[in-house]
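Colleague: Per TrEMBL, domain 'PAS' is recorded for 232-277. Per TrEMBL, domain 'Histidine kinase' is recorded for 355-556. Annotation source TrEMBL lists transmembrane segment at 6-27, 39-63, 75-93, 105-125, 137-159, 171-190.
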Amino acid sequence: MPLGETVSAIALDATAAGLLGWTTLTVYRNRNRPNASMFAWTIGALTAWAVAALGGEFGGLLWGQQAADAIEFTSLFPALFAPVAWTVYVLGYAGRGTKLTRRRLLILSGAALPVVFGIAIMAVIVSDPAEAKGSLILAVLLSLLAAALFYILASLVYGSFVLARLGYRHAALPTAQVVALLGAISGPYLDTVLGRQGIVDSGATTGLLVSGVLFTLAVRRYPVLTGFPASESVARTRVVESLQEAVVVLSWEGKVVDANESMAQLFGASTEDVVGEPVQSVADGLADADLSSGETGLVTLTTVDGRRRFQYSVSAVDAQNEDPDEADPVARAVVLRDVTERQTREQRLTVLNRILRHNVRNQLDVVLANAGHVSEEPLRTGIRDSATELVELSDKAREAERIMDTSTGRPERVDLVAVVNDVADEYRSEATDREVTVDSPSEVSILSHRTVVRTLISEVVENAVTHTEEPPARVEITVRASGEQMVAVVVADDGPGIPDHEREVLFEETEAQLKHGHGIGLWLVKWSVTRLGGEISIEANDSEGSVVRVRLPRGETPRRTRR
């Protein structure tokens, strides 16, 4: 080769090696991205090919053609590896997982087959050149070598086909990105084939340069280091379409990959219009939201119905993979729930509750303080009784709010017998003219919230004590096993029984109107039983009074004692 052509080839190979090497380094620095590793192996193999070609040019210039051929022979190994690495990369990009499964390791190991068969052929020829010619072993090995080379070619074609089909099916995948990647991977091989046919006389030099330029462009401009969430992975189904909540699937670069009809209607656009667009161009309020996988929060968005408040939750969309333990996230699904009306109701309740607990309570204290100045005893007594009852109602509402706030934590083991005895001791000290007894095992543990359990037992016992108006009165609390999974707390009294209008609070599906302070206490009983996953019933006592039976999920098997 003339010196001028050699220098030109060196310059082209050096440029190709530089571009491919820089791109490989860039991808390696971002190796934490889902699909970066195999992409780095693909470009790294082409970089090694370009370096070997550059070394061959220098070897020929310095030591002759034989040295050049020996050095360029080393390019065979990366040239065989790049197509299979490319196929594994494309499978990951197409949403089929990026983990190195056993199947993919087998795909990659296929790159070594031509080398193995080539070495075997050389060994047969060298061992006995005369016998090797026309031998069956040599023919078999040559057939296997041809099959191995076909496998390499098929890997290149298959990976390119998968990427081209992905680009055809999904508008969110830019055509320019697909073309750049296909040209980058196929360039060196097309250049080699054309060189063998005598159409060009540059070996793979031009193809490697084209590959370097296109891979550099792709890495700088397109999201090639993640997995593209294809429809096979996202699984857009009728269930998602029928949801009232808006659902949008985002790539890791924040672009819309898919959206259901609710999302499109919410922002006055079709699904086709929003696909491929940055999420902030569809819903500007999401630009400042943390859309990391697993995050939740509240955000205000401008919709076709005006400014609305939404609760969002983000979850990772895993790639399809036959091994669930090797599932790999390729996108994020964001679910938006309109909570505007709910928040408005909660704000109203908060304001009304604050008025009840503070404003009304403060005014009632003033009423009670001035009631003593009323000269007529019946009028004074009526004012005090009514004001006191309202104060108790306010205190009960405050207690209900406190209990509901403390019931959101993790449940713990609670000794139900200890709680029952504590409540009984409290009412014995407050109502000395009433007998409160407990019949229970030595210990019963349930998995629950201690504060809720104590409130439940206290409210039921208080109701029993309140309704036994004439001493001597008796309240019996019994703890009994109720089947294998439940324990029953039974509170029996000998009073007149619970009025029907108060029982409605426990058994009506809708919220019953509270007639007075006892109503809110029974509502708290109902809420506590529901919160604990239990059951409640009211029966008539044998002689007189009521029997309130509360069944709760039980814990350990108890030992019986009597107190």
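Using the three backbone atoms N, Cα and C, a Cβ is placed for every residue, glycine included.
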Colleague: Can you tell me the mean pLDDT for the domain 'PAS' (232-277)?
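Modeller: For the domain 'PAS' (232-277), the model's average pLDDT rounds to 73.
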Colleague: With contact taken as 3 or more Cβ pairs under 8 angstroms (pairs 6 or more apart in sequence), are the transmembrane segment (137-159) and the transmembrane segment (75-93) in contact?
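Modeller: Contact between the transmembrane segment (137-159) and the transmembrane segment (75-93): present.
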Colleague: In the same chain, who gets a Cβ under 8 Å from the transmembrane segment (75-93) while lying at least 6 residues past its ends?
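Modeller: For the transmembrane segment (75-93), the nonlocal Cβ contacts are 34-35, 38-39, 41-42, 44-49, 52-53, 56, 100, 104, 107-108, 110-112, 114-115, 152-153, 155-156, 158-160, 162-163, 166, 185, 188-189, 192, 204, 224, 226-228, 319, 328.
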Colleague: Can you tell me which parts of the same chain pack against the transmembrane segment (105-125), counting only residues 6+ beyond its ends and a CB-CB cutoff under 8 A?
Modeller: 76-77, 80-81, 83-85, 87-88, 132, 135, 137-138, 141-142, 144-145, 148-149, 151-152, 155
